[in-house]
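Enquirer: Below you will find the structure I want to go over with you.
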Amino acid sequence: MAQGGAAARGTAKVQDQGWAWMVLVAAVVLQGLTLGFPSCIGVFFTDLQHEFQATNSETSWFPSIMVAVLHAGGPLCSILVKRFGCRFAVMVGGLLSSVGMVSSSFCKSLSQLYLTAGLITGLGSCFSFQAGVTALGYYFVRWRTLANAMASTGVSIGLTLWPLLSQYLLDEMGWRNTFLIFGGILLNCCVCGAVMRPVKFAFGSLLQFSSTGEEPGRRAEEAQLSNGASSPHLKLQEQTRKITCFQALQNYLAFDIFCQNKRYQIYTIGVTWMMMGFVLPHVYLVPYAIQNGLEERRAALLISIIGFINIFIRPLTGLLSGQTIFTGRRIYLYNLAVLLCGLSNFICVISAEFSMLIFYCVILSIAMSGIGALTFQVLMDVVEMDRFSSALGLFTILESITLLIGPPLTGLLVDITSDFRYVFYTSSFFLISASLFMVLSFCALEKKNKLKDTSKVPPDKSAICNETPNESQSESQPTLAVVHITSI
């Protein structure tokens, strides 16, 4: 007991203080290196297109694959974290990211670039980012919300710095040498992973490695079967494995929630549709500005402006959405940001002058801050927390599909029309239609739920009942309303 108490005190010293703040700094750097990195790909768009004599559609597959794998690799990262721990997953991710970018500097075709910088670097960034967020949750309990908000500023810092650094290196030494240098920079993810040492339970066992205790029993069973176990035992083992695979699929991809929870279903479909247009300005804004006569340095500066404003607006949006007035109504605040993001694209279409593009970037950044700060908060509102991780797995995989196909399809439209303005028309269409779909669907669902609630209470019963039932009825009614707002 004395040892358990000492271990508990040791754990308390680790969480929310001391080394936990070093882990927070590492998480900020990680998010800047991983989530912020795809923002600079637009700077290389024109050079890659000329180098490989490729169309807009063919070139846009490169950033699309990277971003899609960054989102879709979540379930695989979860398995890696459970088996080997957060530190290992972050460091493996950093190594993969570095290898992918170094290899891409020697690519002779776009298809090779899809594999190296797209698939390998995207998967490595996914491992480093998601495992880093998980480790942050282990180190912070009381200040977890604050820690996550501060860590998310790393994305905005990355959005600000990556395009400026990319344009400078591109002008000085070309895209191949720049990608080689990026490989070295992304190795810093391994340094961040080394900082995230495993946290201990109250009784001394490592939190990240808790699943490894099942290994001896499983190995003993395998040894028994290999030494001549009977056929019924083999069949039973095979059935058990099938059940385990099904449970794992159910754990990481929550199809049952998607079929039963209407709010989750609406939100997932709406966000998946929205992502078809959300990523388009990040990919095509720099080529659009260059085509309209803007210098390459000033064009790259536009992406940095978006990131710089994000640094300040995203935390404010998180604080605003945390107010009690928005409890259960964050979905409407989220859709307001989506609608603003869609409408802002028309500014870019009206004029391609530098001053108008700066104004466009300011409005777009404000809307993006709302979307970035609220996406997962709204998901927590519509899904129970004990199934959140599995709901997030399906959510990110479906989201990654549209992130993958959106830019190439729009690039094909640009190749046919030779007009980059269609990028912003397409983006506005997907964003505005997704916003209207989610708002109208949630309004209709809440109206339907209210009608169900009122139909359950007979109108004559309230006049006949005494005071005690009336009081209990008045107390229970708001509780039902809250349940319908947050989850189904």
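Positions of Cβ are set from backbone N, Cα and C atoms, glycine also.
Relevant sequence annotations retrieved from TrEMBL are reproduced here:
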- 465-478: compositional bias 'Polar residues' (COMPBIAS)
- 20-446: domain 'Major facilitator superfamily (MFS) profile' (DOMAIN)
- 453-478: region 'Disordered' (REGION)
- 21-45: transmembrane segment (TRANSMEM)
- 61-81: transmembrane segment (TRANSMEM)
- 88-106: transmembrane segment (TRANSMEM)
- 112-139: transmembrane segment (TRANSMEM)
- 146-165: transmembrane segment (TRANSMEM)
- 177-196: transmembrane segment (TRANSMEM)
- 266-287: transmembrane segment (TRANSMEM)
- 299-320: transmembrane segment (TRANSMEM)
- 332-351: transmembrane segment (TRANSMEM)
- 357-379: transmembrane segment (TRANSMEM)
- 391-410: transmembrane segment (TRANSMEM)
- 422-445: transmembrane segment (TRANSMEM)
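Have a look at these and tell me how they're positioned relative to everything else.
Expert: Per-residue confidence over the domain 'Major facilitator superfamily (MFS) profile' (20-446) averages out at a pLDDT of 84.
Nonlocal intrachain contacts for the transmembrane segment (112-139), taken as residues 6+ away from its ends with a CB within less than 8 angstroms of a stretch CB, comprise 14-16, 19-20, 23-24, 26-27, 30-31, 33-35, 37, 48, 61-74, 76-78, 80-81, 86-87, 89-90, 92-101, 103-104, 147-148, 151, 179, 186, 189, 192-193, 196, 199, 207-208.
Counting same-chain residues at least six beyond the ends of the transmembrane segment (146-165), those with a Cβ under 8 angstroms from any Cβ of the stretch are 20, 24, 27-37, 39-40, 42-43, 132-133, 136, 139-140, 286, 300-301, 303-304, 306-308, 310-311, 314-315, 318, 372-373.
The list of residues near the transmembrane segment (266-287) in space but at least 6 beyond its ends in sequence, with Cβ under 8 angstroms from a Cβ of it, reads 38-39, 41-43, 45-46, 56, 60, 63-64, 67, 163, 258, 299-300, 302-303, 331, 338, 341-342, 345, 348, 357, 364, 371, 375, 378-379, 382, 394-395, 398-399, 401-403, 405-407, 410-411, 414, 420, 423-424, 426-431, 433-435, 437-438, 441-442, 445.
Residues of the same chain lying 6 or more positions beyond the ends of the transmembrane segment (422-445) and with a Cβ under 8 Å from any Cβ of it are 262-263, 266-267, 269-271, 273-274, 276-278, 280-281, 284, 288, 331-332, 335-336, 338-339, 341-343, 345-346, 348-349, 406, 410, 413-414.
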Enquirer: What stretch of 21-45, 177-196, 299-320, 332-351, 357-379 shows the most Cβ pairs under 8 Å to the transmembrane segment (61-81)?
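Expert: So the stretch in question is 21-45.
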Enquirer: State the non-local partners of the transmembrane segment (391-410) in its own chain: residues 6+ outside its ends, Cβ under 8 Å from one of its Cβ atoms.
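Expert: Distal contacts: 57-58, 60-61, 63-65, 67-72, 74-75, 78, 252-255, 257-258, 264, 268, 271-273, 275-277, 279-280, 283-284, 376, 379, 383, 422-423, 426-427, 430.
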